[in-house]
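Chemist: Dropping the structure in here first, questions after.
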Amino acid sequence: MRSLIAMYQRIGLVPLIIIGLVLGVLIGWLAPNIGIALGLLGTLFVGALKAVAPILVFVLVMAAISQHRSGNEVYVKPVLIMYMFGTFLAALTAVGASFLFPTELVLVNAVIEPVPPANLKEVLTNLLMNLVANPVNAIAEANYIGILAWAIIIGFSLRQASDTARTVVGDFSDAISQVVKWVIALAPFGILGLVANTVAETGFAALAGYARILMVLVGCMLFIALVVNPLIILVKTGKNPYPLVFICLRESGITAFFTRSSAANIPINMNLARKLGLHEDTYSVTIPLGATINMAGAAITINVLTLAAAHTLGIEVTFASALLLSLVATISACGASGVAGGSLLLIPLAASLFSIPNDIAMQVVAIGFIIGVIQDSAETALNSSTDVLFTAAADPKYAR
């Protein structure tokens, strides 16, 4: 048994994930019933990540702040600036792609259970209410804005505590981090189950009718990941950005693509930041915060599908209205984590800028759910890998 574990560890996580991916595709295609059964592995893996992530963030941030000493610089502000700037550039990219490759949709009728926010004020109100949520509820409901707020407050108060108390908090943080490493080590089995179940249930046949809109969406996300983000990193660090970009895509993006959850990928990103030797006082804050507000993929989804609806209805989109849409999408995307249904349920809000009827907007949302197996996966991979990418770019190890 020990020899098997040693061999498993020796092969390395990324090769094992690739093996799990290939096996998942084959099993889901050749033996759908087995693929659906294996879906339990994926459900358990994602569940374990989601379970450990809130307590990891709470303890890690609390420990980092309580043990912080004056004179030790943190680099949160430049990361937040890159988050917002990157999201806005993603929104502009989506607008440009929608003009270059205008897409018309075949609208469908479907019942969407979650209620979309009525306006931007409601999105921002939800975000602020998350900030003052009960700390126990925040951890139980994975409300990362609330978790961060309480962890920061308690961390500051613990600075006045004894050295023994702060040591206990630090030791508890190390223990939680070890649990995360054990969960991450099971990623190949989780990916196997997720892929096998997805291929078995959908076979991707349902996506064929929406190939063009998918190409625009995924094309925008690839452009951000491989062109725009590297340019931001180049300007920030003055170094070749691609080694760091590919590390983040490989170590964070692949897992995020299959879990389809930025929250579940927080432990993965924390572990990667630690491997990269980044400043713990910084990444313990910016990575969970990024999972909440760094939403370049969400901005792309909102703009591409909104403009596709406008093109379908023959609505003229001016430069001014496109710029306004980009601003609204950037702000709305930052609140996407506080909206049931995420970025898709913010489409009616964006569509209202062009006086698109709500029933039409909800049909566009329905299309979003149909293509979600690809759209949501690519969106999460971009969002989550960018969290650790921008955090690394602001770190003294990489910064200019």
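Note that Cβ sites are derived from N, Cα and C of the backbone, with glycine treated the same way.
Quick paste from Swiss-Prot:
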TRANSMEM  11-31  transmembrane segment
TRANSMEM  45-65  transmembrane segment
TRANSMEM  81-101  transmembrane segment
TRANSMEM  138-158  transmembrane segment
TRANSMEM  175-195  transmembrane segment
TRANSMEM  213-233  transmembrane segment
TRANSMEM  242-264  transmembrane segment
TRANSMEM  295-315  transmembrane segment
TRANSMEM  327-347  transmembrane segment
TRANSMEM  354-374  transmembrane segment
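What's the neighbourhood like for each of these?
Modeler: Note on the transmembrane segment (11-31): residues 38, 184-185, 187-200, 203, 250-251, 254-255, 258 of its chain, located 6 or more positions outside it, place their CB under 8 angstroms from a CB of the stretch.
Beyond the transmembrane segment (81-101), the same-chain residues lying 6 or more positions past its ends with a Cβ under 8 Å from any Cβ of the stretch are 212, 215-216, 219-220, 223-224, 228-229, 232, 236, 289-290, 293-304, 307-308, 311, 317, 322, 325-327, 329-330, 333-334, 386, 390, 393-394.
Sequence-distant contacts of the transmembrane segment (138-158), counting only residues of its own chain at least 6 positions beyond either end whose CB sits under 8 Å from a CB of the stretch, comprise 50, 53-55, 57-59, 61-66, 68, 127, 130-132, 165-166, 169, 263, 266, 285, 288-289, 291-292, 337-338.
With a cut-off of 8 Å between Cβ atoms, the residues of this chain six or more beyond the transmembrane segment (175-195) that come close are 8-9, 13, 16-17, 19-21, 23-25, 27-28, 38-46, 48-49, 52, 55-56, 59-60, 255, 258-259, 267-268, 270-271, 274.
Counting only same-chain residues 6+ beyond the ends of the transmembrane segment (213-233), those with a CB under 8 A from a CB of the stretch are 82, 85-86, 89-90, 93-94, 97-98, 101, 103, 105, 207, 239, 241-242, 244-245, 249, 253, 296-297, 300-301, 304-305, 308, 367, 371, 374-375, 378-379, 381-382, 385-386, 389-390, 393, 398.
Counting residues 6+ beyond its ends, the transmembrane segment (242-264) has Cβ neighbours under 8 Å at 14, 17, 21, 42, 45-46, 49-50, 53-54, 142, 144, 187, 190-191, 194-195, 225-226, 229-230, 233, 272, 275-276, 290-292, 337, 376-378, 380-389, 392-393, 398 in the same chain.
Counting same-chain residues at least six beyond the ends of the transmembrane segment (295-315), those with a Cβ under 8 angstroms from any Cβ of the stretch are 86-91, 93-95, 97-99, 102-105, 107, 213, 216-217, 220-221, 224, 322, 325-326, 329-330, 332-334, 336-337, 342-344, 346-347, 350-351, 353-356, 360-361, 364, 367-368, 375, 378-383, 386.
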Chemist: In the same chain, which residue numbers or ranges, 6 or more beyond the ends of the transmembrane segment (45-65), come under 8 angstroms Cβ to Cβ?
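Modeler: Residues packing against the transmembrane segment (45-65) from afar: 138-140, 142, 144, 147-148, 150-152, 154-156, 158-159, 166, 169-170, 172-173, 176-177, 179-180, 183, 186-187, 189-191, 193-194, 259, 261, 263-268, 270, 280-281, 284-285, 288.
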